[in-house]
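As C-alpha cells, the structure follows; a few thoughts come after it.
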Amino acid sequence: MTVKKIGLTGGIGSGKSIISKVLQTMNIPVFNSDYEAKCLMSQNKHIQGQIINIFGDKAYIEGELNRPYLASKIFNDQRLKSKLNNIIHPAVRQAYEEWSKSQTSGFAFNEAAILFETGAYKNFDATVLVTAPEAIRINRVLQRDRSTREEIKQRMNNQWSDEKKKELANFIINNDDKTLVVPQVLEMLSKLK
C-alpha cells in the first residue's frame, strides 16, 4: 500500500494538536516533529555533542537541555538558529521517513510548526494548514504556557503569516472555536483518498 505523506502545520496556538488528536481518534497516525526534535536533543548523544560544540557547555545542565539558554542564543541570531536547524531538521526528517514506512492506514501525517518556513513542505504529497484568528491563538497560548502576551507576539512574528502559508497549503482547516473541525477533517480526508 502506498502511504500518502501529509504535512500538518499552523502558527503557534492555531490548534495543530487538536487536529492531530482528531486524526488519531480515526486511527490515522500522526508524527509530531516538535516532540521528536525535543527527544533527539535530549537523548541523542551525537546531536548533543554537536549542540555543545556550537553553543558551549551551558547548552546542557546535568544532561538536560537548557532551553532558556538556547532560546536566548538563537532568538536574534539567524546564523546560530540556522546552525541548530541544520543539526535537528535532517535528523527529524530521517526519523519521520523511517516511521512513515511502517504506517498501514494509507496516511502518514507529520505535525510540524514551521513546515513552510523550512521548505520541508516540498517533501509531502499534500499540506494542511490549521488557522485561527490571532486573538484566539494568543489566548490559547496564554492558557497553556507561561509566556507573556509580548513573548507570544514575538514568537508569532518569527513565523510566516497565515496569508503567506495559505498560498502553499493544499487544505485549510479553520479552528476558530465556532466552526466545527471534524467535518473539515472528514472532507479533507475524502479529497486526499
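Each position is counted from 1, following the chain as shown.
Including glycine, each Cβ sits where the backbone N, Cα and C put it.
For reference, TrEMBL has these:
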- GLY13, SER14, GLY15, LYS16, SER17, ILE18: ATP binding site (BINDING)
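Positions of TrEMBL features highlighted on the structure.
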residue	record	Cβ contacts under 8 Å, 6 or more apart
GLY13	ATP binding site	ALA132, ILE136, ARG137, ILE138, ASN139, ARG140, VAL141, ILE152
SER14	ATP binding site	VAL130, THR131, ALA132, ARG137, ASP162, ASN175
GLY15	ATP binding site	VAL130, ALA132, ARG140, ASN175, VAL181
LYS16	ATP binding site	LEU8, THR9, GLY10, GLU111, ALA113, VAL130
SER17	ATP binding site	GLU111
ILE18	ATP binding site	VAL130, ASN175, VAL181
8 Å Cβ shell about GLY13, SER14, GLY15, LYS16, SER17, ILE18 centroid, ATP site members excluded: GLY10, ILE19, VAL130, ALA132, ARG140, ASN175
